[in-house]
Amino acid sequence: MESLRTRKHKDHLIEQCSDAKKKTEKFKKSNGGLTKKEQHVPNTKDKLFRISFEIDLLSVGLFFCGLITRMYKLEEPKNIVFDELHYGKYVSLYMKNTFFFDSHPPLGKQLIAGAAYLAGFDGRFKFDKIGSPYPDTVPLLALRFVPAFFGSLIIPTSYHLMLELGLAQWTSLLAAILLLFDNALLTQSRFILMESMLLFFALFGIFCLLKFRNYYSKPYSIFWFFWLCLASVSLTCALSVKYVGFYSCCLGLAIIGRDFWKLLSSIAISDRAIFARFLIQTVITASVSVLVYLCIFYFHLKVLYKAGPHDSIMTSAFQASLEGGLASITRGQPLLVAHGSQITLRHTHGRTCWLHSHNHVYPIRYPDKRGSSHQQHVTCYSFKDVNNWWIVKRPNKNDLVVEQPIDVIHHGDVIQLVHGITSRALNSHDVAAPVSPQCQEVSCYIDYNVSMPAQNLWRVEILNKDQNGEAWHTIQSMIRLIHVDTNTALKFTGRQLPDWGFHQHEVAADRIINQDDTVWNVEEHRYTKSEDQKERERELVTAEMIPTAATSLSFWEKFFELHYKMMFSGTESVQNHMYSSEPLEWPLMSRGIAYWVSSTSNAQIHLIGNLILWYSGTFGLFVYSSMLIFYLLRRRRLCYDLDAKSWEQFLLIGETFLTGYLFHYLPYFFVERTLFLHHYLLAFTFKTLLLAALIEHIYSILNDVLKFKIIAYMFVMLVSLWVLVTFYVFQKFTVLCYGTTPLSTNDVVSLRWKDTWDFIIHKN
Amino acid sequence: NSWWLVFGIICFLTLVTRFYKITEPDHVWFVLLECSGVWDETHFGKMGSWYINRTFFFDVHPPLGKMLIGLSGYLTGYDGTFAFDKPGDKYENTSYVGMRMFCTALGASLVPMSFLTVDEMTQSLTGATFASLLILFDVGILTLTQYILLDPILLCFIMGSVLGAVKVSSPRINEFSKSWWFWLVFTGTMLACCISVKFVGLFVVLLVGLMTLADLWNILGDMSRPVMATVKHLMGRSVCLIAWPVLLYVTFFYIHLTVLNRSGNGDGFYSSAFQSQLIGNSLHNASMPRQVAYGAIITLKNHRTGGGYLHSHYHLYPENVGARQQQITTYTHKDDNNKWLIKKYNTEDTGGVTIVRSGDLIRLEHVPTRRNLHSHKEQAPITKKHYQVTGYGENGTGDANDVWKINVVGAKDGTEITAVSSKLKFVHYLQSCALTTSGKQLPKWAYEQQEVSCNPNLRDPNGVWNVEENVFEKLANVSFEVYAPTFVERFLESHAVMFQGNAGLKPKEGEITSRPWQWPINYRGQFFSGSSYRVYLLGNPVIWWCNLVFLVIFVFIFGASAIRQQRGYIKSFSEAHKEKLVACAWLFLGWLLHYVPFWAMGRVLYFHHYFPALLFSSMITEEIPQWFGEKLGNTVYHTLVAMVLSTVVYSFYLFSPLTYGMSGPNANEPNSTMHGLKWLD
């Protein structure tokens, strides 16, 4: 038995190469020789060490059509178009090795940056606003080449994807042509934007998975491993271009899961074998994906080692690990916080600001008639300022000079914090805070002799003492300050004080200790030195404590911090963008996005899909769903309209494309961010593929099941006519994709087929 | 007989636990949410009073719950005069007990209903007892259902819907029999009530809908019956579960809008036409010319919800905020500075009567200051992408930038412009931008009124205005009654306003809201606290953690048996086993439907949102030991049930001070009785 299996295995390996070819031959037969194909290498079945390969000219042809449409006049317009503003900026920062923060993962930008690097882009161009012209120093062709290339690849990929699902070659060709003729895909592929890469990786990943399915009967063969790994890599790449790629991964998992579930029912495989297979499949998928993802981020963090414009989003430790920026300020500052340390305290997570106080007092009464302590403000201030300095002091010592041996503060020690400029101590008491009355007010204590004693003792709690030890470290230690008398924690409340507090952020003490907003860390630090101390001693003190190297964080620390910030930022996106749209508007394409307009004429680029295609796609969704329900109801009453094989096929296209559509569309209803039409492109692609598959199904129903040959013939004619109309609409709207043709006002108005489309018309 | 005995005992226990100390505390009870809470007895009690006083108000929830509170208060002699001003106020002589009794009674009905539901699903007395005792002894449910809140009402209706749906699909009730029809109508009624109390009721509607579909699917699959049987079922159910609830829902709104016919604090959220229906509102019984003519003095109200009137005053924009010209804002109160004179674009002459038509070019002159509404290419003060709008000119003479094109939304050019009903857009003639308000507050220099700007995107949804007052002597006044919106219009408008209100409940930066993952593990409760007398909303940890453990066990069992079946080890399940499995699966689905959606919600969430899901998980908890019972024999099963129950009762005893209120020192002080039970922080 065993030997038989291995022999089969070998046979199979040999067959691998000619496998695809056989398939095409089959199609050749079924399509009566209509397909054009060329085989470069003759049959080499019984010869060893030969590689036979074949080229599907259709697929190559489609690729070239894609290249031609996508690359035509790629360098025009020579201006910044829409989001090139952001992505171009990120690419230029890559060139300069400068750290930036973006809530999307980096792969897409890396690919473009790679091309830019090869073309010798020095990154010295300020992507300031949409429409500003590119100078000759920017290798625009190289920058736009990558998205356009991937955009062209989408077309043959979808062709093969359809073939792999067992659909006829004509159908696959139809699907590819439909995608080729969509204006939105064309526009989106021509500029420095992420969607074409995302789309390619997602489709290619699904294609690999379908290939993988062919080897279910021969697990652990080379090709079984190969396609599984390739699928994981490709889908992870999709995820690393934009996180919406996650839904493509889910689709992939759903397909594998569904197949596996079916596999469970086969008695031929033993329990143990099936479990082993499940385990191996999971381990391979997970490890490959994680590895790819980590590599991408490793590269990202490795390349970006200089401080840059988005530093302040990250924690002090992260900033200090970058070259320049905070690192240059904090270099050489003492490491351990001790009695007598002068420090600035930064609010670690969320908004960047420093604990601050100044010579103003809380108003006696607030507008809502609550009283205050009338003591000095304590706030959180977002700018560097001399008033951000505080001195750490032990309650029982008065001399602030740091002496040898240094009196280091440890976890659990009780300290006072004295404001550097006003010399008043940080204090809290049972008075409601100005803006968040459920918290306690924090002030700098002024003694008014009104039987309100100072409560200025704070206990230092170091959160990450497991990593850095019990001593309080500059930058690295994340601390909470617990007010000793009331057991509350010093907290940034996130609200702004009114006018009297100069709109700075409120700081209060909250009973709920365990939250992110109560975490602080020391950013700048120096020891207090009295002038008349002995020179030598002071030098000793400082020299000993200077860190020999700049703060360095391990890759993992940086990786996790970056992800933490990526998860919790992104709420700051623009509200009410002029061209934003709602998910409900997408299927009927209520509005596009103006990408660019020439300053001299009405030549413009506008993201808008092919109207015919989008509407028929939406219509196709309804037709497919209603047919599905119809079949299901009929089958429930034991009326089998389709034979088992075509029923399987019908289900398969739904399980792949309809699920794909829903996976990439429905989640947007729960997204809070501003959304645009281009978020729909993934779902749109699946919708179009479903449409093509549905056309084949209807044709086969008419032709094979109902045997209305004439109607089937008419249906084909109708479809051809529809494709022609689609092409007509496509070429009519290409002016808005390329943006090279100056349009008159009338031209623009005549393209405005729907009242809700907002094209731009210059007024003269 | 033993069935009745057990049922009786459970009902008795319920009454005892629920009505114990119902009159305490005798002051208004309130919930201190972590930060800013307006969700308390003052809130809903006040709304009850408003129903009794027939004062119109605005709330983000549909009206049934508050209507019932109002009704119960009315029937028990509460006169609606108590102010419900601030938490901690003494009720004194107010008869508040009726309202509290009503809520408690609805809350108490949860226990017998869960008993009946589980009994119907599993046919096991022990199971039913177990499930209802879990709900009975949960301190969280007890706390939540003791005060004047919407939750007891909602929970009761949810439970009712589930009970009804279970009864309808039960094989033990003959289809199309009298009791079957009763339960079907009962389910429909309960569904309507759920969704008219809070929109969360939608999830139970979804659950019942799925159960019904599954039922129909089974009937369709039964080849021994004709297709007509399915059609008959389909008809019966769509009438009772769709048409009837919709009718009820609309009726509740009809009652709501009919009862509340006096002007109150909710007026401003609604349109002028809506307001004209409220007694006491300045628009009520007003009369004015129907058409707007040149020379008329008008006020313009923004059409967004809560939008103010176009306003100006003798103050200039400060230095560095666009041009130093007169401020234009929107202002929500009515005063003389809201008045505008409507003029032709080219002449000051207002002789004769010319009606303003859509597409006309006009100028608007601010009556008190005699400056024209003007816009130019300067940034607006807050929304930097818009242009600034100012008041410009002297004595009504300005320049070409004062010209606006007036358009009626959705009408052809040349349509006459009418007061109140026309939705107007003002498009600046030279710059082609639409007069709009962003709704953002301006700083102190503009007295914190709202920003008005000119948006180059003409499709701005906030750029719609309507004429509210219209003074013009040469045209005959007509009564405002002609604008009276029909019930359907008012119904739709109140929904639009409600949805907008719901969408606006976003947490502010820095505010701690409860997150869904914290709920099932009973992570942190919610304070219901008075000054010296405190109540804390916290589930009985034994029950909650049991629920969690049993949920996991259920998923495991379900998955394992599905895989075994797929592998062919189980050829088919026994009828009883299958029934149990299906029952559990439905309950689990119910739990999912009432819990998972909260993960996707961006609005402010509170701990009490978990309680509907808790009901479902408690019922699942009951089924699992039965499972083991089957496998391990009756003795083990009974021991297990007894053990869990005794722990539950003991923990109830421990935690009951939380719900009945405690007046001792805080738990973080060492001499408190609750010190030993201090919760996960």
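Note that Cβ sites are derived from N, Cα and C of the backbone, with glycine treated the same way.
Since the structure is predicted, the reported quantities are computational estimates derived from the model, not experimental observations.
According to TrEMBL, the feature signal peptide maps to B:1-19.
Per TrEMBL, the feature transmembrane segment maps to B:97-118 (among others).
Feature annotation from TrEMBL assigns transmembrane segment to B:130-160 (among others). With a cut-off of 8 Å between Cβ atoms, the residues of this chain six or more beyond the transmembrane segment (B:130-160) that come close are 10, 13-14, 17-18, 22, 29, 41, 44-45, 48, 61, 64-66, 68-69, 96, 99-100, 103-104, 106-115, 117-118, 186-187, 190, 193-194, 197-198, 200-201, 204, 525, 528, 535-540, 543-544, 546-547, 608, 611-612, 614-615, 618-619, 621-622, 625, 641, 644-645, 648-649, 651-652, 655-656, 658-659.
According to TrEMBL, the transmembrane segment annotation covers B:180-213 (among others).
For B:234-255 (among others), the entry in TrEMBL reads transmembrane segment.
Marked as domain 'MIR' by TrEMBL: B:289-345 (among others). According to DSSP, the domain 'MIR' (B:289-345) comprises 3 helix, 29 strand, 25 coil.
Averaged across the domain 'MIR' (B:353-409), pLDDT for the predicted model comes to 88. According to TrEMBL, the feature domain 'MIR' maps to B:353-409 (among others).
Feature annotation from TrEMBL assigns domain 'MIR' to B:414-470 (among others). The helix, strand and coil residue counts that DSSP assigns across the domain 'MIR' (B:414-470) are 3 helix, 27 strand, 27 coil.
What TrEMBL records for B:542-560 (among others) is transmembrane segment. For the transmembrane segment (B:542-560), same-chain residues at least 6 beyond its ends with a Cβ under 8 Å from one of its own Cβ atoms are 134, 137-138, 140, 520-522, 581, 584-585, 588, 591, 614, 617-618, 620-621, 623-624, 627, 644, 647-648, 651.
For B:581-600 (among others), the entry in TrEMBL reads transmembrane segment.
The transmembrane segment annotation in TrEMBL covers B:636-655 (among others). If you look at the transmembrane segment (B:636-655), the same-chain residues 6 or more away from its ends with a CB under 8 A from one of its CBs are 126, 130, 133-134, 137-139, 538, 540-543, 546, 625-626, 628-629, 677.
Residues 61-65, 150, 153-154, 157-158, 160-165, 167-169, 173-174, 236-237, 240-241, 244-249, 252-253, 502, 586, 589-590, 593-594, 597, 609, 612 of the same chain sit 6 or more residues outside the transmembrane segment (B:180-213) yet have a Cβ under 8 Å from a Cβ within it. Broken down by DSSP into helix, strand and coil, the domain 'MIR' (B:353-409) contains 3 helix, 30 strand, 24 coil. Below 8 angstroms of C-beta separation, residues 7, 10-11, 13-15, 18-19, 22-23, 45, 48, 68-69, 72-73, 75-78, 124, 127-129, 131-132, 135-136, 141-142, 144-149, 152-153, 155-156, 159-160, 162-163, 166, 615, 618-619, 622-623 of the same chain, each at least six residues beyond the ends of the transmembrane segment (B:97-118), sit close to that stretch. Residues 62-64, 67, 176, 181, 184-185, 187-189, 191-193, 195-196, 205, 208-209, 212, 216, 487, 491, 494 of the same chain, all 6+ positions outside the transmembrane segment (B:234-255), place their C-beta atoms under 8 angstroms from a C-beta of that stretch.
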